[in-house]
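Structure first, then comments.
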Amino acid sequence: MSTPHATLVFMRHGESEWNVANKFTGWHDVDLSSKGIMEAKIAGGLFKQEGLAFDICYTSYLKRAIKTLHLALEEADQMYAPVVKSWRLNERMYGALTGLDKKETVVKHGAEQVQVWRRSFDIPPPPLTKDSEYFPGNERKYKDLKESEVPLTECLKDTVERVLPFWESDIVPALKEGKTVLVAAHGNSMRAILKHLEGISEEVIPGLEIPTGTPLVYKLDKDLKPMPQEGCFEPLTMGRYLGDAATVQAAAEAVKNQTKV
Ligand SMILES: O=C(O)[C@@H](CO)OP(=O)(O)O
């Protein structure tokens, strides 16, 4: 097999306080839980074990991803690695569902409706109103965004349209240079990039659940096409999670079951 041109590693943030509370989170800026801190450190240990040395890292404007990145880099003794932050890597905006308990929302609206809001490709949840405590438009960290760029709600299709310009402008050029790149992001912003990278269809993407704090490694050829690797989990066919396979699978299953009543 030919040698990879570049290495791309994704890492969803470690468990957050609202993952523990089982609330829809989106752009709300919650901290890591103590388990999330541990997951981030374990991810850093896996980087070391795997011999991954990062040339550049990308993360969102949300502290659960930023802290996960810092903790993992600290554990891997790579805190010198340059970090670029972009709001475009933020989690999908969850609209009026932000702050609601996932199971209570199922009881109120039914499992089918909530699954559509959570995982359909092109049907967004109801929008936030600008007077909501969760409206991000008044937060200083988004002051450079145009009004039209501050979402009131997003489906995965909207997230793809917001994430891909950053993928093309920043991440792709680094990969073309053959760099080893780390992207510390969120379940749905990762889903947006992975859909594009692996060419996953709109029908299949709802079945992709991403465990917290678990590195996912891609080897790319010169055309930035993912190269086949052993040990991929369906529906991913090219990306390989680091760590114990049974633990990774159980963690992905737990994300799926967050709305089971
Ligand atoms: O609440 C959220 O923002 C996301 C990720 O935690 O949840 P879900 O997996 O339900 O899309």
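Just so it is clear, glycine is given a Cβ too, placed from its N, Cα and C backbone atoms.
In TrEMBL, annotation is done automatically, which means it is predicted and not curated.
Contacts of His13 (active site, tele-phosphohistidine intermediate) defined by a Cβ separation under 8 A and a same-chain sequence distance of 6+ are given as Leu32, Gly36, Ala40, Leu62, Arg64, Ala65, Lys67, Thr68, Ala184, Ala185, His186, Thr212, Gly213, in order along the sequence. The active site, tele-phosphohistidine intermediate annotation in TrEMBL covers His13.
Annotation for Glu91 (active site, proton donor/acceptor): spatial neighbours Thr25, Gly26, Trp27, Ser60, Leu62, Ala185, His186, Gly187, Asn188, Ser189, criterion Cβ-Cβ under 8 Å with sequence separation of six or more. In the three-state DSSP scheme, Glu91 (active site, proton donor/acceptor) falls into the coil class. Summarising the annotation, TrEMBL assigns active site, proton donor/acceptor to Glu91.
The Cβ of Arg92 (substrate binding site) has Gly26, Glu154, Cys155, Leu156, Asp158, Thr159, His186, Asn188, Ser189, Ala192 as same-chain neighbours under 8 Å, each 6 or more residues away in sequence. Here TrEMBL flags 12-19, 25-26, Arg64, 91-94, Lys102, 118-119, 187-188 as substrate binding site.
The annotation site 'Transition state stabilizer' is assigned in TrEMBL to His186. Mapped onto three states, the DSSP output places His186 (site 'Transition state stabilizer') in coil.
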DSSP three-state call for Arg12 (substrate binding site): helix, strand or coil? strand
Could you tell me which three-state DSSP class Trp18 (substrate binding site) falls into? helix
What are the sequence-distant neighbours of Lys102 (substrate binding site), meaning same chain, six or more residues apart, C-beta distance under 8 angstroms? Asn22, Lys23, Phe24, Val114, Gln258, Thr259
